[in-house]
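Visitor: Not my notes, these are from TrEMBL:
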- 1-72: region 'Disordered' (REGION)
- 15-24: compositional bias 'Basic and acidic residues' (COMPBIAS)
- 25-35: compositional bias 'Basic residues' (COMPBIAS)
- 46-55: compositional bias 'Low complexity' (COMPBIAS)
- 56-72: compositional bias 'Basic and acidic residues' (COMPBIAS)
Amino acid sequence: MAGTLFDQLKQAGLVDDKKAQQVKREKHQQRKQAKGKQPSRDDAASTRAAKAAAQKAERDRQLNRERQQQLADKAEQAALRQMIEANRLSGWEGDLAHHFTDGKVIKTLYTTADIRARLAAGRVRIARCDGGYALLPSVTAEKIEQRGGTDVLIPLPQDTAPLTDEDREYYAKFEVPDDLIW
């Protein structure tokens, strides 16, 4: 009984040569089709893998762009801070109060008469710096505005419409005391 199953069936008379050849051919065809279908499965898997890799690469590129933008913003803020530190005025502390608005809050800086006059004329600007305020020449403030640092600078007060002659005559009746400063 040392033969293949086919040989044993042939000896028993259950299978003839013609039938055996046909079965062999069919099995060969099935194997061939199975091998032919495998690459299509591999193609589908490789397509999915390529699609997943492309999505991952796009996600990585997006994250990299965001990191680069954050680094650029941080570098710009550092450059603005350095510009403020290098050009800030010193010796401006004094006894005269200068009131200004920072958002919706009214703040007060005590300055000298010279600095107060320069602030009123717009030759000196106030900038936020490290939780406090710094005074800068208007030239430096303009450079900061050009670089997009408007959130660092305190906006200048908006002038109202100029007075007409009629308004001036009316207000001339009310004399303003010299010591009234806002």
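Yeah, the Cβs are placed from backbone N, Cα and C, and that goes for glycine too.
TrEMBL: automatically predicted annotations, no manual curation.
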Visitor: For the compositional bias 'Basic and acidic residues' (15-24), DSSP counts of helix, strand and coil?
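Guide: Taking each residue of the compositional bias 'Basic and acidic residues' (15-24) in turn, the totals are 8 helix, 0 strand, 2 coil.
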Visitor: Please count the residues of the compositional bias 'Low complexity' (46-55) that DSSP assigns to helix (H, G, I), strand (E, B) and coil.
Guide: 10 helix, 0 strand, 0 coil
